[in-house]
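Q: Have a look at this one.
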Amino acid sequence: MLSILKKLFGTANDRTVKKLFSEITKINSLEHAIQKLSDEELKNKTVEFKEKLKNGATLDDIVYEAFAVVREAARRVCGMRHFDVQLIGGLILHRGMITEMRTGEGKTLVATLPAYLNALTGKGVHVVTVNDYLARRDSAAMGKIYNFLGLSVGCIVAGMPDEAKRAAYNADITHATNNELGFDYLRDNMKYSLQERVLRPFNFAIIDEVDSILIDEARTPLVISGPVNDNSELYGKIDKIVRLLNINDFEKDEKLKTINLTETGITHIESLLSKEGIIKPDTGLYDFENLTLVHYVNQALRAHNMFTVDVDYLVREGKVMIIDEFTGRVMEGRRYSEGLHQALEAKENVKIQNENQTLASVTFQNYFRNYPKLSGMTGTAMTEAPELKDIYNLDVVAVPTHNKVTRLDLDDEIYGSKKEKYDAILKLIKDCYDRGQPILVGTISIEKSEELSSVLNAEKIPHKVLNAKFHEQEACIIAQAGRFKAVTIATNMAGRGTDIMLGGNPEMLIEHLDKDHNYAAKIDEIKAQIAEEKKQVIEAGGLFVIGTERHESRRIDNQLRGRSGRQGDPGKTKFFLSLDDDLMRIFASDRISGVLRTLGLKDGEAIQHPMISRSLEKAQQKVEGYNYEMRKNLLRFDDVMNDQRKIIYEQRTEIIKSKDSYGFLNSTTEELAKKIVLAFMPVGSYREDWDIENLSVELHRVFAIKFDHNLVSKSDVTEEEITKIVIQMAHDVYKSKEEAYSSELMHNAVKYILLTTLDQVWKDHLYSLDHLRQGISLRAYAQKDPLSEYKREAFNLFEQMLNNLKELFIQAVYHFHIDLKHVQKEDVSLERKKLQNNMRESREDPAFSKYNAGSSLETHLKPVVSRIDPKDRNPDDPTSWGRVSRNELCPCSSGKKYKYCHGAHE
């Protein structure tokens, strides 16, 4: 019934596209008049549009004329005229939706339309890409159009100094990678003045390959972290022990990606740990004193049994580098958290980096939801439309192609074993190669791509391998994959964003030419050669895309197919599968094996049957649903932290903007003074119950004041009067500092102390939230909702953090002095440069190994309350402990963390 209605009335997508086509006629009707304009008159349209907006017009009032202007500018500057379907794509993007356009339909050119229109407001537009190469390429190519029309263009890539970034972000249109945008957002919220920040307020973002960024990378947060204790030796010892375990010592679930020790395994590892002297002979792994070791053992188990080199990560230049499972690219600067990366480093016998503590983090889900207006484009989004709508409130509209798709998608072939599958793939590659038909072979991992490469080398078939190991050559290799007799093996969707043109890409070949006296002749020669090869390739059948196995997501399979049949070109696609493939083995093995037995699968024979295709699709849908729920669940939990993050970042900005730091200091001083006095002189208590001795100690610890015991000797004195006296004494301490250092310097010092203290407590709070999150799922066993419990406890922790902030801030303000000899403007400038350098260097490894937030004041602020060597602390005398980190073990020897022991009421 539903299918009949769709045929009669069309789908919702069909109706949307039909309506948009009617709007395109309005743009086309302006084309003739716009073409008559001189270059100068065309450029002046930008000034005219800005004036209209200034006088109250909206973007929708000028959208048709603006699009017509961009179309004409592109024709004059680049020789490219926007097709009608590209204009439709532009309207979809302008209206804050996602446009699905097939590979080769010119998405980069489409983005110029909404980017130009929205940049007219002067608030900036971000065009987001997945890597630096695409950001540079698109800003250079499309920048010519924007510059012609009088708009400025910026490009953000990794490693740029802040000055250059600031200029790029202040441009009308900025091309940047999703990673750099996210990290700049975090870095900006760690800066100590508004002038040091690089980003402008969020306005409008157009995300290229939107499915890759908002879905594939949604579960991986961007993290800026700093070093904690060095446990590299322990990781090495545990790694050697885990290598001695056998297959009966643990059990793993590949569907859920979990691994646990069995009873036999626990006994075995306890004997090994005892033998190495890591635990005492009469203790067990799960005894209280050894509980910290469980984490190291679990991560070593995961490293050895759940992670595979050249599949999940690779080792390059003595470093373990993560591979993106969806793109096959190395995830530069990313490290696994919770000690897993250190366990992998121990496994691969490379230098073990220090563990890190999170200083700031954000997921792409929450970063991109900061934009008031968001849109995106990709070749494959319809399969994920419900998720994009649910999480980002983004509708997806599929735009028809300019030319009809003539690509032929052949049925899958399924074999009993991997060897039989590879034999069939090799036979097809040989056939295609002999007739000159270019072939692109898609694999799901580096390991598989190199395995297949070895098979082709043995057969002496020339080919190129495109995977994370050759990331730098990615665009060049993929661009020439359509040449005559070209054989290219690509990891998953490596090279995405670069079109495969039949016959080859002349522009990339021309880029590498030497500009000598024969330069023009060489260009003509290359163009002629490419044109001839294109004819040969079309005659051979176009690009043949071969998939070596199905991915967990149908969308990734569709992306691979989409590399062929660009702009109406001929082409074919085919997937070869075996029962050994991960998807088949883990999710669909029983069902499909039964079907194959029924159909009578023989060695070396392939099965092609609709039942198998349906079973595979069901398996993929099951995995997609599971991954969607995981991302949705992640967002629910991350939203709790995100709300708190927004509050902290807003407060931080207010502090930086504030011209009067005395207000917060004054109110907090009064609040703490009252709290301390009431703690030792409770309301309604008898005078003999007052603890004046400890009141004096506490007032000195917090406010650096010497409290005179005689003040409470009067019989009629009340706790209110004592509170007023304490507040006045604290104010006197502050005034004496102002007289010594000047009001301006004190204002800067107080602001600096407040910011550094806020950063410290926020860092500790993130650590607490991480630990809370790790164990919260266990609440389900007590019939409690883990999310509700997490919200409740996270709120309590947040309140506790704010209380800690107040006390640590007040304590620091009243206990410091400044070395006036050294506070110079030059010092401030130098320290800021050092900070920027450290932050930039840390992008290579997101651990802020040298992170030292602050200005030169930090060097010259000398607090009386400092950290004391643990050996010098007396467990029975808290006054000898100095400052204790909330996550340290309490110096009283209770075995608890300080925040759960003596620090519980701070």
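Note that Cβ sites are derived from N, Cα and C of the backbone, with glycine treated the same way.
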Q: Among ASP431, ASP434, ASP499, ASP514, which residue does Swiss-Prot annotate as binding ATP at the site that also has GLN86, GLY104, GLU105, GLY106, LYS107, THR108?
A: ASP499
Q: Neighbours of the ATP site GLN86, GLY104, GLU105, GLY106, LYS107, THR108, ASP499: Cβ within 8 Å of the Cβ centroid, same chain, sequence order.
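A: Near the ATP site, the remaining chain residues are MET101, THR103, LEU109, VAL110.
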Q: Where the record says GLN86, GLY104, GLU105, GLY106, LYS107, THR108, ASP499 bind ATP, what is the longest distance in Å from one Cα to another among those residues?
A: 17
Q: Around the C-beta of ASP499 (ATP binding site), how many further C-beta atoms are within 10 angstroms, looking at every protein chain?
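A: The Cβ of ASP499 (ATP binding site) has 18 Cβ neighbours within 10 Å.
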Q: If you count other C-beta atoms within 10 angstroms, which of the binding-site residues GLY104, GLY106 is the most crowded?
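A: In terms of Cβ crowding, the pick is GLY104.
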Q: Tell me, which binding-site residues from GLN86, GLY104, GLU105, GLY106, THR108 are within 10 Å of CYS890 (Zn(2+) binding site) if we use the C-alpha atoms?
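A: Taking GLN86, GLY104, GLU105, GLY106, THR108 one by one, none has a Cα falling within 10 Å of CYS890 (Zn(2+) binding site).
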Q: Hey, which of the binding-site residues GLN86, THR108 is the loneliest by Cβ count within 10 Å?
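A: Across GLN86, THR108, these binding-site residues, the one with fewest Cβ atoms within 10 Å is THR108.
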Q: List nothing but the one residue from CYS890, CYS892 whose Cβ has the fewest other Cβ atoms within 10 Å; the candidates are the binding-site residues.
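A: Each of the binding-site residues CYS890, CYS892 was scored by Cβ atoms within 10 Å; lowest is CYS892.
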